[in-house]
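Here is the structure we will look at, set down as structure tokens.
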Amino acid sequence: MVIYYHYILSMCKWHWVVHSVCSTNPNPLIPLCLILSPTLPHPTAPSTSPYRTLSPPVPHTTSQHWQIPLGRRFRSLKMWFVFRMYGLKGLQDYIRKHVELAKEFESLVRADQRFEISADVVLGLVCFRLKGSNEVNETLLKRINNGRKIHLVPCLLSGQFVLRFALCARTTESRHIREAWQLITQLAEECDFPALLYMQYGIVIDSGSSRSTMYLYQWPAEKQNNTGVVSQTLRCMVAGPGISDMLVDNAQDQQSWVSIRECMNNITKIVPADQHNSTILYLGATAGMRLLHSQNETKSNEILKNLQNYLQSLPFNFQNASIMSGDEEGLYGWITVNYLMGNFLERNIWNMWVRPAGGKMVGSMDLGGASTQIAFTLPDPNARGTDIMRVSLYGYEYNIYTHSFLCYGKNEAEKRVLAALVKNSENATHVTNPCFNLGYNMTVSAESIFGTECIKTPADYDPKQMITLKGSSDNGACRDVVQSIFDLTCTKNCSFDRVYQPSVGPGDFLAYAGFFYTAQAVGLKGISQLDQWNSSTWEFCSWDWPTLTLKKGWIAEKYRRSYCYSAHYVQTLLVNGYKFNKDTWKHIDFQKQVHNTSIGWSLGYMLHTSNMIPAEAKLVRLPMANSVFSGLLFLFTALTIVSVMFLIIKAVRACY
């Protein structure tokens, strides 16, 4: 691969009167001027048609090689007028003037403690925002633009809603900058949400079996946060495997630590420096570490200790780094789902938070790499059992059934499927995999399949033995081998492996994580029918590898090769395991986010652990009694009707 260097100049934005499209791209809507570096030879760029290239390559040292389509709509005349009017010195002064104006506006922003600069100020562009939620800044932008005195354009920068103040007009002077800033600050005061302008932050590190993800959340600083207004500000995925794979490969560990520090640096830049000490920080490890802890407790403790030492060195308020139980993971996922969907609280007519009418809750299903969780409320308030947790949220009691199935996560279950195929194969080194698409072959070590606590190793196990897996696109055989890893002998009041479970119907469920990505792969995000899932799975698995690559090339190979298995696994887990049928399947919603916030246990964990969700309901005193309010409402309605009738009668009489 050859790397070329280019200078990109947008001629339609650098000056108020120039509207020139400068581009090597034939699309006239792309306003780019491509200038090749004088020190490099002319490239045969991938985006440049052959007839545009120069042969033989020659150095580009003059402006004759600027590729500017100046013939369209007399654009060359506009450029000529500008050059003649200003001249070189005039253009330099023009640009320097707007750079100074941008610095002046930047100084005004920095002087106001309510605002912050979101990016380095370059030329005449200043990116700034209120120190508050995205919703606050969206409201401010609407007020500014609706006033029609100045116009700002927004953008999303690291998940934050940012306002862009662009200085480029010919007649703009310093007084205009001050007037604009006065208007912005006045509208910010009129918004009248001072509590929302000051935000608090919380960080949760989700250390799963396959990767770690850091989440930054924010919420109003007012303690009356019984509101459901926590929002996700940043989601940063740590490169490399999960923390359970640490202390194995030093080079891999170094890469993971570099990525961890990069994510933390991004978070540190977003959280205001004066709030670092009050920003709570948690790390929760899930099934991958649960497996490692049962296999090698010393190693798991050392990994957690190393992470704890690093997190304690940060400027944040580090709280805890621990391994969660499976049932806790399921409970926190359920809290997250219902919190984000607004099922705990809603605003009433007095703009206060109350429990929604009916109090309908949604069940949650999480499919991770090493475990899967299901959690839903039970209609019987007196139900008791091993997997039933009784929690009090906002003054209401909930009986929640939650269970986590270790070794039934997407990745660990696939290893169990591969192990079953190897054990049942006549040739243990060349195995047909019906869940791989035809034409896809992969050679792996025996250790990558059997080297887990979830699988009993065979008597003749050799971890270094290489095994070739050959895809065959056999739907029936794939489903059979997937079902073989489940114990489905129990059929009443249980799921699988003889685990107690009440009926899942007829409530709604939100399926996320691995469930969502599998649904996305077969083209069935959101709500679908069971028959649709079945037919989409069989079609997906019937394609040979070249066809699958052509149709689903946007999926990385390491995931693409496993989605046939995954689709069959999800259907088996939900139908044969959790006992969903054609009627109840329609109540499963496969989603990744709710209101731009990722679904997972991390938000529920922070809410529950930090006591942000109170166990008791807050006593809300309305301005007047309900009976008084009802009477006044009736009186006001009656007076309105009488007044309207009086006006109609008066208007009719005036016509005669």
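Even glycines carry a Cβ here, placed using N, Cα and C.
TrEMBL has this to say about the protein:
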ACT_SITE  Glu329  active site, proton acceptor
BINDING   Gly369, Ala370, Ser371, Thr372, Gln373  ATP binding site
TRANSMEM  628-649  transmembrane segment
Nearest of the binding-site residues to Glu329 (active site, proton acceptor) by CA-CA distance, picking from Gly369, Ala370, Ser371, Thr372, Gln373?
Gln373
Cβ-centroid neighbourhood (8 Å) of the ATP site, Gly369, Ala370, Ser371, Thr372, Gln373 excluded:
Ser209, Thr286, Ala287, Gly326, Asp366, Leu367, Gly368, Ser404, Phe405, Leu406, Tyr408, Gly409, Lys410, Glu412
How many other Cβ atoms sit within 10 Å of the Cβ of Ser371 (ATP binding site)?
27
Once the chains shown are all counted, how many other Cβ atoms turn up within 10 Å of the Cβ of Glu329 (active site, proton acceptor)?
28
As a test of the contact definition, list every same-chain residue at least 6 positions from Thr372 (ATP binding site) whose Cβ is closer than 8 Å to its Cβ.
Met365, Asp366, Ser404, Phe405, Tyr408, Gly409, Lys410, Gly514, Leu573
Proximal but sequence-remote residues of the same chain as Gly369 (ATP binding site) (Cβ under 8 Å, at least 6 apart):
Gly208, Ser209, Ser210, Gly242, Ala287, Gly288, Gly409, Lys410, Asn411, Glu412, Gly514
Test of understanding: give the count of other CB atoms lying within 10 angstroms of the CB of Ala370 (ATP binding site).
31
State the three-class DSSP label for Ala370 (ATP binding site), counting H, G and I as helix, E and B as strand, and everything else as coil.
coil
Distant-in-sequence Cβ neighbours of Gln373 (ATP binding site), under 8 Å, six or more positions away:
Gly326, Glu329, Gly330, Gly333, Ser364, Met365, Asp366, Thr402, His403, Ser404, Phe405
